[in-house]
């Protein structure tokens, strides 16, 4: 389980980048440097709007070489659970937010000879800190960034003017420059690691094409904070410590059922399968893992699960709660 510490920061700048994306610059309330981080790190942002509490994970896009501030970018989601809407509509310069210390589930692989970044939409954010981290490195890298059109391409001007702009490739479906994924992956050099962040369709396309080309699974790395589907078949949940039983319906998560029934005390910061704070041991049954936290080996072991997003594979699941 990840060990997060929460602390307050102040919003020093809010910049609209596109119609749907804003960049927020965060500084320490005492003016001191913020905790160090590495490229690909994220923070959990906790927000309060009256009786409503929101908790979202956001990648740090600023340079790991400069901890005078953190920067995050937030896309206003159409079906927002409240967090992105709150940040877009209510947070202003001077406001304070509670965030976690950085954690990294999407770090660069030190042994890689080359890093190939594939981004879709707001999935560009972790790669900005990766690129900054590699600024003084001899390791080669290349970025392919997909968006609908130039107007929806956040950070477009900065990427076009990047000191190593020849490594940056922008793909817009509206202008006929769509990414040719099959060709890109077919031509990768030995020792290349591929990192993908973006919508589920992009991630699945990379997985499928990489499998077709027999690209080693341990050279593929994915990150996707917004879990698009937490629903599934209903099942019986048993809390072993209390002996309580509940039915988890199709449209609810295990965590929601536990909270609604005040059945156990469970800490969860992100509610998106990212932070690991709701990790719970499995005593009986198997989990349908939908998190971004565990490795493939940890998921296969079926020893524990993140109850904010994952479900039961069968009809009955017994947890150590």
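Here the Cβ of each residue, glycine as well, is placed from N, Cα and C on the backbone.
According to Swiss-Prot, the features are:
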| type | residues | note |
| --- | --- | --- |
| BINDING | 270, 275, 278, 308 | [2Fe-2S] cluster binding site |
| DOMAIN | 4-109 | domain 'FAD-binding FR-type' |
| DOMAIN | 233-321 | domain '2Fe-2S ferredoxin-type' |
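Everything Swiss-Prot records as a feature, shown here on the structure.
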residue : record                        : Cβ within 10 Å
270     : [2Fe-2S] cluster binding site : 29
275     : [2Fe-2S] cluster binding site : 28
278     : [2Fe-2S] cluster binding site : 25
308     : [2Fe-2S] cluster binding site : 29
Other residues with Cβ within 8 Å of the Cβ centroid of 270, 275, 278, 308 at the [2Fe-2S] cluster site?
55, 268, 269, 271, 272, 273, 274, 276, 277, 293, 306, 309
Could you give the mean pLDDT over the domain '2Fe-2S ferredoxin-type' (233-321), rounded to a whole number?
95
In the domain '2Fe-2S ferredoxin-type' (233-321), how many residues does DSSP call helix, how many strand, and how many coil?
13 helix, 27 strand, 49 coil
